[in-house]
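Student: Structure provided below as structure tokens; questions to follow.
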2 protein chains.
Amino acid sequence: MTRTSHPISAVAASLNIPDDALLRYGHDKAKVDLDWLSSRPENDSKLVLVTAMSPTPAGEGKTTTSIGLADGLRRIGEEAVLALREPSMGPVFGMKGGATGGGKALLVPETDINLHFTGDFAAIAEANNLLVALVDNHIHHGNELGIDPRAVGLRRAIDVNDRTLRTIITSLGGRANGVVRETGFDITAASQIMAVLCLAESPDDLKDRLARIVIGDRFDGGEATVADLGVQGSLTAILASALAPNLVQTLEGTPAFVHGGPFANIAHGCNSIIATRAALATGTIAITEAGFGADLGAEKFIDIKCRQSGLRPDLSVVVATVRALKYHGGVPLAELAEENVDALRAGIVNLVRHVENLQGVFGQSVLVALNEFATDTEVEIEAVKQALAPLGVHAVTSSHFANGGEGATDLARAVLEELKTPSRTTFCYPDEAGLQEKALNVATRVYRAGGVTWTASAKKEILRLEERGYGHLPVCIAKSQYSFASEKMLGAPTGHTLPIREVRLSAGAGFVVLIAGSIMTMPGLSKRPAALDIDVVDGEIVGLH
Amino acid sequence: MTRTSHPISAVAASLNIPDDALLRYGHDKAKVDLDWLSSRPENDSKLVLVTAMSPTPAGEGKTTTSIGLADGLRRIGEEAVLALREPSMGPVFGMKGGATGGGKALLVPETDINLHFTGDFAAIAEANNLLVALVDNHIHHGNELGIDPRAVGLRRAIDVNDRTLRTIITSLGGRANGVVRETGFDITAASQIMAVLCLAESPDDLKDRLARIVIGDRFDGGEATVADLGVQGSLTAILASALAPNLVQTLEGTPAFVHGGPFANIAHGCNSIIATRAALATGTIAITEAGFGADLGAEKFIDIKCRQSGLRPDLSVVVATVRALKYHGGVPLAELAEENVDALRAGIVNLVRHVENLQGVFGQSVLVALNEFATDTEVEIEAVKQALAPLGVHAVTSSHFANGGEGATDLARAVLEELKTPSRTTFCYPDEAGLQEKALNVATRVYRAGGVTWTASAKKEILRLEERGYGHLPVCIAKSQYSFASEKMLGAPTGHTLPIREVRLSAGAGFVVLIAGSIMTMPGLSKRPAALDIDVVDGEIVGLH
């Protein structure tokens, strides 16, 4: 059910956004005009990245902590503004439900944000799928560019968890239906165009990035790009509205720019650069998040988003829970409510590893936010604090889920304290390293793997991309979110191997995707998907959570 | 380029729509609250259906005439309100360009309406594709309902002209990807869910219709429905916002409800019942249109939309042009600018046939609107008037394209005159007729075919549907728009055959689709699609027309 909130015009007014720069979508959502945003002067706002330990089925609450922290900062007089990611409808109807926080740490209007929102995902899928249709159409109508239909690198996109579309054969049914190809769909959030939109700095940059997208190989050995096809203008037109960031609010009225897609496992997983800059331009502290554990979310945030944009986090907040630490210590899900300090001490290696990485590899000032559950005990919380003390890192409990911003004021004060010694962000690898070396750097320094293996086809593709001049790009590793490893290994494994099975160039996004282990860029639905529980009753949408 | 217009709040205020019933989408688009609309009292507003002769490459201007007529009625003091269809992005990037009228008879904001608009098409595709994913997922996870994967009647939907998706094989790549099936995509406007949305009277009716959708056959000989799967609630949630009608305006500020999909060739091709009722509830004359020639648009408007809703047009306006009449008389496209009364007299049989059908089969009062071109001559226009006189039908010229509403005041006055003797609408066939008999009625009475042929599989399916109790439904014939026949035959052919090759049940929409000739429910792109000419320059989208 959508909760009451202030009119979005009041939220915008609190940020000094003039009425004619506000494109309202109903009473409580809006887009903010890009021209107005780009005319904002530079300021010295602080950027706080919220990331997390490796996720568990117990739930850690990274989004609720981001929201609670922003609400808490507002409570103590800071002008905090959120920059968060838009939910995908795939998981909404799949396993997970909505992605707008929960309890009293909530984005509103939650139902609208979870369903369609302002149409950004639909625009991204439309641009993506028109592009692939134009490519197939070009091949069908004489193929002037000489594109090899066996080597089209683009896939279609849809915002549905649909395993059946992972690998398909198209153009059956005769000559009128085009040239038969094996291809497939990814979920929209994992599409290259999602990353292009998230990493674009402006409409012109968007068009340039779209033009650079590589369609695939040509028979003459070269590559065909969107610029060769001449359709970057149409794709930009389709995405023009979607590029403007969306403004909503928390239950407590804290402004939130919610823009760009999720899934740091199979995508780069950050909200848009434009939204992060909008939060920085309109507030004094911008709170942003990067998905799943810091091995995925923070690594990609820093090595891709920060590298490309020049943005630098002043502080990284790592979200952890006592329950998740016990889970990493081997406690089954059903027993997480019981005090178990030994298991917690065993599982805390996961949190410590993430903290060490953020400090050592990425040069971050780090604070740990312990998202409180009613079953946490004093002894357990103290054990966490003790374990982090040798790293010089504080752990602060926060009860925003139960108490809203009032429950997060301790965390907010600790964040202000840490911001006095801001991060000096460093990357995991330099631009100049080769693509294989970059993968090895992330694998050994962040995942603490013993090494990287490549399938023959992946190895061949990497070498080819380097020959073609893409060696300078950062890598975007797709792997399981549940572990530092590519398969589920609790705690802080070492010596495992990162097995890379597939390589995809995202020249428009400006990175090379390396797919490791058995991760899929199109999720499936479970046997009992959430879609069975969602309904509309008396005009209200129910069951989304 | 989007032209200047009044704020949509001013347009809404002119219709006495209160501010809290208006969900704005930016400055110049809005949705109108369904609760407020359903609380409107009945009134005695008039309904005018704009339809046309068989279309030609010369362009007849059905949408511009609808818009011009509404603007013209406003000029002479009538409270006209438009109820039109939303453009599909398929043709926008394909052959046709936008679908918001042209010249001075234009809907604004034209670019927004042509691209995404308020997200209705995206919501329809999302609901459609989630449904098919849930079906495939059910089959994959044990198939409790016993759905025969060889007999799933639902197809996926996408708002792109993409011939390669007409026939595909899904779930390749191994067990994790589901059960291999042959299936395909239709363009969103031709999907059953588009028709369900357009024909739904309320959110409850929408859910009931979604529940009735037949997924396909079960191994036990029965059929599986959405209700069996239990996901009508989720689909209703996805469509909840889309069901509210969109309000925009013409260049002259005439209110226009633009809601529901086009394509009277491959779909039922009418705007939503909710939008038509909204126009009737807020104005004194509602102007609506039904796509392509009256053989498709008006037939489906009356036999499907009117039959289901109880709506009845008081007048049918048939749009024709001197150029199109000459084209039907055999003049090549390049020579249409030259006066040629003989060819016009030869081609006018097409217009006369449509008028006769509207009068004789559908009981309509008819007025012909001659959409003026600069090359039309007095002699040609007089010849049209003379040819229609024996039918008791007036032809009125209108120059709305060049002159806006001021150019359509003669037409507007003629409409008011004709409304004094309103239609007494009749159907082409009764509910009780069998499905084959219904097809034969439309074929012989409207298309003037000699008969209907059925492929063996189509015949078998028709008999099966009658056995299953769907014989009472109306038929929705998909065929070429360019002729009364299923292939391109100019003028007014007789004795041809309507060859039905495929039958699809749309139990939720409440009709049976009969696909005739070589028409496709997924269009393709031409060798040089419009996508090559669309661009964003200095922040403005150009090339959409």
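The backbone N, Cα and C atoms fix where each Cβ goes, glycine too.
According to TrEMBL:
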BINDING   B:Thr56, B:Pro57, B:Ala58, B:Gly59, B:Glu60, B:Gly61, B:Lys62, B:Thr63  ATP binding site
Student: Could you list the residues of the same chain, at least six apart in sequence, whose Cβ is under 8 A from the Cβ of B:Gly61 (ATP binding site)?
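Tutor: B:Gly102, B:Ala105, B:Val319, B:Thr321, B:Asn371, B:Phe401 - these are the non-local Cβ neighbours of B:Gly61 (ATP binding site), listed in sequence order.
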Student: When you measure from the Cβ of B:Gly59 (ATP binding site), which residues in the chain that are at least 6 apart have a Cβ under 8 Å away?
Tutor: B:Thr321, B:Ala324
Student: Taking the Cβ of B:Pro57 (ATP binding site) as reference, which residues of that chain separated by at least 6 in sequence fall under 8 Å from it?
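Tutor: The answer is B:Tyr327, B:Leu333.
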Student: How many other Cβ atoms sit within 10 Å of the Cβ of B:Thr63 (ATP binding site)?
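Tutor: B:Thr63 (ATP binding site) is surrounded by 26 other Cβ atoms within 10 Å.
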Student: Suppose we draw a 10 Å sphere around the Cβ of B:Lys62 (ATP binding site). How many other Cβ atoms does it contain, all chains included?
Tutor: 26
Student: Taking the Cβ of B:Ala58 (ATP binding site) as the centre, how many other Cβ atoms fall within a 10 Å radius?
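Tutor: Other Cβ atoms within 10 Å of B:Ala58 (ATP binding site): 19.
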Student: Can you name the residues of this chain that are 6 or more positions from B:Glu60 (ATP binding site) yet have a C-beta less than 8 Å from its C-beta?
Tutor: B:Ala52, B:Met53, B:Val319, B:Ala320, B:Thr321, B:Ala324, B:Asn371
Student: Helix, strand or coil for B:Thr56 (ATP binding site)? Use DSSP.
Tutor: coil
Student: Write out the long-range same-chain contacts of B:Thr56 (ATP binding site), meaning residues 6 or more apart in sequence whose Cβ is under 8 Å from its Cβ.
Tutor: B:Arg323, B:Ala324, B:Tyr327, B:His328, B:Tyr482
Student: Taking DSSP three-state, what's B:Gly61 (ATP binding site) in: helix, strand or coil?
Tutor: coil
